[in-house]
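S.K.: This is the feature table in Swiss-Prot:
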BINDING   His84, His183  heme b b562 binding site
BINDING   His98, His197  heme b b566 binding site
BINDING   His202  ubiquinone binding site
TRANSMEM  34-54  transmembrane segment
TRANSMEM  78-99  transmembrane segment
TRANSMEM  114-134  transmembrane segment
TRANSMEM  179-199  transmembrane segment
TRANSMEM  227-247  transmembrane segment
TRANSMEM  289-309  transmembrane segment
TRANSMEM  321-341  transmembrane segment
TRANSMEM  348-368  transmembrane segment
Amino acid sequence: MAPNIRKSHPLLKIINSSLIDLPSPSNISTWWNFGSLLGICLITQILTGLLLAMHYTADTSLAFSSVAHTCRNVQYGWLIRNLHANGASFFFICIYLHIGRGFYYGSYLYKETWNTGVILLLTLMATAFVGYVLPWGQMSFWGATVITNLFSAIPYIGQTLVEWAWGGFSVDNPTLTRFFALHFLLPFLIAGITLIHLTFLHESGSNNPLGIVSHCDKIPFHPYFSLKDILGFTLMFIPLLILAFFSPNFLGDPENFTPANPLVTPPHIKPEWYFLFAYAILRSIPNKLGGVLALAASVLILFLIPFLHKSKQRSMTFRPLSQVLFWFLVANLLILTWIGSQPVEHPFIIIGQMASFTYFLILLILFPTIGDLENKMLY
């Protein structure tokens with residue numbers, strides 16, 4: 001019998017074992033679609049970003065007008081730009097749902113996969129931040145100034161670190177140039193870490209909604225989940241295209257239609273919607289260093305999640321108390337997102353402080369406690 005090239009060719013057999021003949025649990029739900037959706041988001045962002053970079057000029061006097069030129073004069077430049085800007089929002093929607101699914105079903109117990117995933121989230125956040133600075137509008141400039149300035153809270157080396165990052169004594173041309181270089185580089189780093197993420201995942205195999213070992217009931221990835229993933233791509237691209245065609249600026253800030261002016265501060269400096277929860281936590285502490293530490297902790301706390309798992313069951317499928325707590329956490333994050341978009345005044349300050357406190361309380365204390373309690377109730 002002739003050898004199957006799919007299984008014998010050195011390159012094709014890697015693809016085959018990852019995407020075609022991969023043994024997958026038969027009962028994984030649509031919540032397992034988001035990994036592949038993140039992959040397609042990354043590919044879309046790299047392609048649209050590459051096309052935008054061909055028309056972009058990383059110079060403070062030309063950046064804003066080069067983006068305007070792309071939208072007005074380049075063939076379908078407006079569409080490429082709208083897909084890239086809104087594609088970032090969909091990237092974050094997918095990654096937050098992907099993390100939420102991992103949290104709900106106990107996927108974080110695959111520690112290496114989880115940790116590389118958190119590193120991917122941090123890299124994605126860095127990429128989105130430096131990318132937001134590139135159009136050189138008002139919110140781009142002031143966002144860059146405020147967020148990079150946070151590093152000055154680091155004792156002893158802070159101010160030196162900030163000036164080193166800026167390439168001068170304020171956010172200026174060197175800052176924009178290096179941010180463009182970083183924004184071009186980081187997506188390829190994300191692609192590399194994604195391969196490590198998948199390598200670790202394929203070592204253990206996928207988790208499933210029941211959180212039990214599924215070796216006895218595996219099915220091939222293709223055609224079952226490849227088709228399911230294509231359906232997922234379609235269901236994601238439809239709203240993305242609707243947003244890009246009909247209301248491309250819905251998620252943006254109107255302030256960014258004004259070219260950057262170091263002499264005029266916008267009334268409310270705020271990041272894009274996907275950073276608002278962390279921004280609310282940053283603002284809830286009236287001390288600069290404390291706020292920076294809370295901001296870092298709000299994301300880095302994900303590294304601790306595997307160590308805070310106290311339940312004898314992996315998934316939350318049959319743990320009603322943990323489920324209630326999980327949805328409390330989701331509601332809490334939505335409240336933080338809303339607070340981050342509001343001005344710093346009463347009653348938003350106290351609501352933000354309460355929500356920030358609750359966020360850490362749920363993750364660090366209530367989840368392990370409830371896990372222990374459920375063990376006592378069930379066993």
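The backbone N, Cα and C atoms fix where each Cβ goes, glycine too.
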S.K.: So among His84, His183, His202, all listed as binding-site residues, which is physically nearest to His98 (heme b b566 binding site)? Use the C-alpha atoms.
M.R.: His202
S.K.: Which one of these binding-site residues, His84, His197, His202, has the sparsest Cβ neighbourhood, judged by other Cβ atoms within 10 angstroms?
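M.R.: With the binding-site residues His84, His197, His202, fewest surrounding Cβ atoms within 10 Å: His202.
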S.K.: May I ask you to check whether the transmembrane segment (348-368) and the transmembrane segment (289-309) make contact, with contact taken as at least three Cβ pairs under 8 Å and only pairs 6 or more apart in sequence counted?
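M.R.: When sequence-distant Cβ pairs are counted, the transmembrane segment (289-309) touches the transmembrane segment (348-368), since at least 3 lie under 8 Å.
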S.K.: Inside 10 Å of the Cβ of His98 (heme b b566 binding site), count up the other Cβ atoms and send me the figure.
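M.R.: 21, counting other Cβ atoms within 10 Å of His98 (heme b b566 binding site).
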S.K.: What Cα-Cα separation, expressed in whole Å, is found between His183 (heme b b562 binding site) and His197 (heme b b566 binding site)?
M.R.: 21
S.K.: Which residues, given as numbers and ranges, are at least 6 beyond the ends of the transmembrane segment (289-309) yet have a Cβ under 8 Å from it?
M.R.: 99, 103, 106, 108-109, 111, 114-115, 118, 121-122, 125, 150-151, 153-155, 277-279, 281-283, 356, 359-360, 363-364, 367-368, 371
S.K.: Give me the count of other Cβ atoms within 10 A of the Cβ belonging to His183 (heme b b562 binding site).
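M.R.: 22, counting other Cβ atoms within 10 Å of His183 (heme b b562 binding site).
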S.K.: So what's near the transmembrane segment (34-54) in sequence-distant terms, Cβ-Cβ under 8 Å and 6+ beyond its ends?
M.R.: 70, 80-81, 83-84, 87-88, 90-91, 94-95, 97-98, 101, 183-184, 187-188, 190-191, 194, 229, 232-233, 236
S.K.: Could you state the CA-to-CA distance between His197 (heme b b566 binding site) and His84 (heme b b562 binding site) to the nearest Å?
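M.R.: So the Cα of His84 (heme b b562 binding site) lies 24 Å away from that of His197 (heme b b566 binding site).
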S.K.: Can you tell me which recorded stretch out of 78-99, 114-134, 227-247, 321-341 has the most Cβ pairs within less than 8 Å of the transmembrane segment (179-199)?
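M.R.: Result: 114-134.
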S.K.: Near the transmembrane segment (227-247), which residues from the same chain, at least 6 beyond its ends, have a CB less than 8 A from one of its CBs?
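M.R.: Distant Cβ neighbours of the transmembrane segment (227-247) are 30, 33-34, 36-37, 40-41, 79, 82-83, 86-87, 89-90, 94.
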S.K.: Report, as numbers and ranges, every residue of the chain located at least six residues beyond the transmembrane segment (114-134) whose Cβ falls under 8 Å of a Cβ in that stretch; write 'none' if there are none.
M.R.: 56, 58, 63, 67, 88, 91-92, 95, 98-99, 102, 107-108, 140-141, 143-144, 147, 175-176, 179-180, 182-183, 186-187, 189-190, 193-194, 196-197, 200, 271-272, 274-275, 299-300, 302-303, 305-306
S.K.: In whole Å, how far does the CA atom of His84 (heme b b562 binding site) lie from that of His202 (ubiquinone binding site)?
M.R.: 30
